[in-house]
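*Asks:* Before I ask anything, let me first share the structure, which is written out below as structure tokens.
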Amino acid sequence: MANPSQLGFQDASSPIMEELVEFHDHALMVALAICSLVLYLLALMLMEKLLSNTVDAQEVELIWTILPAIVLILLALPSLQILYMMDELDEPDLTLKAIGHQWYWTYEYTDFKDLTFDSYMIPTPELSPGHFRLLEVDHRMVIPMESPIRVIVTADDVLHSWAIPTLGVKTDAIPGRLNQTSFITTRPGIFYGQCSEICGANHSFMPIVVESTPLTQFENWSSLLSS
């Protein structure tokens with residue numbers, strides 16, 4: 001959950017989000033080095049007199065041609081690695097289907113029989129103490145922690161987007177099409193997200209809440225809900 005006046009990302013709760021945060025910091029350090037070098041050269045050119053050897057400097061032209069290529073490689077290699085990790089999908093322990101509607105979500109646990117429910121936002125007057133306004137729902141999506149989870153995302157009416165920042169997940173929900181994403185939660189907790197697609201007048205009122213619990217608690221919850 002984000003805090004007031006927070007400058008960075010939310011605390012990562014999945015291996016993919018940890019990699020994304022590390023790549024973000026890596027890219028910022030590269031950008032800081034480039035800006036520092038450019039500022040140093042600008043200050044040097046303003047303070048020093050122009051010499052004759054700066055008019056025709058093939059070595060300098062060679063450096064500023066090769067150096068950007070090296071910088072791009074330093075950015076491309078970890079980026080491609082993360083993209084491959086995000087698309088890689090091993091055998092999941094649990095498969096869910098998230099269906100976007102105007103303006104709520106329906107979750108189907110395909111590995112269980114008759115385990116499906118709708119998830120609506122709780123109105124502000126009905127919130128319990130400690131709950132977050134515009135983020136809390138009446139039925140959370142409960143998953144077991146430290147287990148590979150596959151989520152199949154689609155929509156019933158218009159475009160939606162199933163996104164949870166702390167898990168590093170954002171998948172478009174398109175009518176007539178099935179998109180999939182996967183993640184692993186590294187700790188128990190409650191993770192909040194929202195529809196990240198402008199899907200209509202109540203676009204900001206269809207939150208996503210994922211509750212990560214130990215396996216025993218998830219089994220108890222699923223048995224009670226499916227009975």
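All residue numbers here begin at 1 and follow the chain in the order shown.
Cβ coordinates come from backbone N, Cα and C, glycine included.
For 1-90, the entry in TrEMBL reads domain 'Cytochrome oxidase subunit II transmembrane region profile'. Marked as domain 'Cytochrome oxidase subunit II copper A binding' by TrEMBL: 91-224. Taken from TrEMBL, the feature transmembrane segment applies to 27-47, 62-84.
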*Asks:* Within the domain 'Cytochrome oxidase subunit II copper A binding' (91-224), count helix residues (DSSP H, G, I), strand residues (E, B) and coil residues, in that order.
*Replies:* 19 helix, 61 strand, 54 coil
*Asks:* Over the domain 'Cytochrome oxidase subunit II copper A binding' (91-224), what is the model's mean pLDDT?
*Replies:* 92
*Asks:* Which residues of the chain, 6 or more past the ends of the transmembrane segment (27-47), have a CB below 8 A from one of its CBs?
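*Replies:* For the transmembrane segment (27-47), the list is 71, 74-75.
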